[in-house]
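Features as listed in Swiss-Prot:
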- His83, His182: heme b b562 binding site (BINDING)
- His97, His196: heme b b566 binding site (BINDING)
- His201: ubiquinone binding site (BINDING)
- 33-53: transmembrane segment (TRANSMEM)
- 77-98: transmembrane segment (TRANSMEM)
- 113-133: transmembrane segment (TRANSMEM)
- 178-198: transmembrane segment (TRANSMEM)
- 226-246: transmembrane segment (TRANSMEM)
- 288-308: transmembrane segment (TRANSMEM)
- 320-340: transmembrane segment (TRANSMEM)
- 347-367: transmembrane segment (TRANSMEM)
Amino acid sequence: MINTRKSHPLMKIVNNAFIDLPAPSNISSWWNFGSLLGICLILQILTGLFLAMHYTADTATAFSSVTHICRDVNYGWIIRYMHANGASMFFICLFMHVGRGLYYGSYTFLETWNVGVILLFATMATAFMGYVLPWGQMSFWGATVITNLLSAIPYIGTNLVEWIWGGFSVDKATLTRFFAFHFILPFIIAALAMVHLLFLHETGSNNPTGISSDADKIPFHPYYTIKDILGALLLILALMLLVLFTPDLLGDPDNYTPANPLNTPPHIKPEWYFLFAYAILRSIPNKLGGVLALVLSILILVLMPLLHTSKQRSMMFRPLSQCLFWLLVADLLTXTWIGGQPVEHPYIIIGQLASITYFLLILVLMPVASTIENKLLKW
């Protein structure tokens, strides 16, 4: 008799995706982040659901409702801080996951990669709208600054911004719609993640060598289930260390001041995971130019398969490309630091240099290095 997990219509899907899935025998811990992102998403949806039970999306009561969650709701403080710091863990995993894809040439799975880029945009949009909900000073001014960027779009810009606001400034209508979108988007992300997985399972996983692993596959369970559980335990450990010891480490003190349209904070800045993009935005003195650079800094990922000039898929055996990759990582860390600094000398010039280096590395230096490495193969 055939096994139930192989015959049952629903169990069959789960079995083929997580149990009997043939996986490469040599995938390293860099392949753990996909499952960790799934865990982060589930955690965010669950904590978010419980927060939504007590939150009110109204300018008069939003800030108070968050205070009420932290003070009066049973274990409300831990739910709130798990949600806030869970977003940080989510983005750490996202950056690692994308970095892994760049290093090992996983972007050659076109559909999987492009759905992944859409997932990245959707997650960034969700995080931005979530940051607005507590209705603190940084929530309000962050929303004002970022939505205002759309006014740089020629001809329709101003109308578009007012349409998004639902009025002539960030107000009650804006907060209500942001809450609605912040609630629905994670479910869209979950659906997209399933599409992401569907496309991945059409080709099978990449591996550190970048060579086909069809000749050497092992079942996902128990080998990678146990490996994913270890990863999950480490993720939860890191998250709970943050939540229980330094819950406000990654937040902005300004967000503990209720939103006041009449008082602008001295330094408006987003959460840490957007600082690199914010630095690129600020480094261009022109509004439209800055917005374009901001969008392109993420959208450039779509071009990665086109910019791949190497005869090898992975960077494992390409020392020149490896150096440039880690230079790119250092560059992004520099820009993350700059994005959190005030707009003054020497930070302005450092930010501009970091932004130029970022685009130069991806568009010019890395493809050229790959071509040189191809030539070196003939020696």
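Cβ coordinates are placed from backbone N, Cα and C, and glycine is handled just like the others.
Features as recorded by Swiss-Prot, highlighted on the structure.
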{"residue": "His83", "record": "heme b b562 binding site", "Cβ contacts under 8 Å, 6 or more apart": "Gln44, Thr47, Gly48, Leu51"}
{"residue": "His97", "record": "heme b b566 binding site", "Cβ contacts under 8 Å, 6 or more apart": "Phe33, Gly34, Leu37, Gly116"}
{"residue": "His182", "record": "heme b b562 binding site", "Cβ contacts under 8 Å, 6 or more apart": "Gly48, Thr126, Met129, Gly130, Leu133"}
{"residue": "His196", "record": "heme b b566 binding site", "Cβ contacts under 8 Å, 6 or more apart": "Thr112, Val115, Gly116, Leu119"}
{"residue": "His201", "record": "ubiquinone binding site", "Cβ contacts under 8 Å, 6 or more apart": "Asn16, Ala17, Leu21"}
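When each of the listed stretches 77-98, 113-133, 226-246, 288-308, 347-367 is scored by C-beta pairs under 8 angstroms to the transmembrane segment (178-198), 113-133 comes out highest. Against the transmembrane segment (347-367), stretch 320-340 has more CB pairs under 8 A than any other of 33-53, 77-98, 113-133, 320-340. If one looks beyond the transmembrane segment (113-133) by at least 6 residues along the same chain, the residues whose Cβ comes under 8 Å of a Cβ in the stretch are 55, 57, 62, 66, 87, 90-91, 94, 97-98, 101, 106-107, 139-140, 142-143, 146, 174-175, 178-179, 181-182, 185-186, 188-189, 192-193, 195-196, 199, 270-271, 273-274, 298-299, 301-302, 304-305. Against the transmembrane segment (226-246), the recorded stretches 33-53, 77-98, 288-308, 320-340 differ in Cβ pairs under 8 Å, and the greatest number is found for 77-98. Panel annotation: around the transmembrane segment (288-308), residues 98, 102, 105, 107-108, 110, 113-114, 117, 120-121, 124, 149-150, 152-154, 276-278, 280-282, 355, 358-359, 362-363, 366-367, 370 of the same chain, lying at least six beyond its termini, place a Cβ under 8 Å from a Cβ of the stretch.
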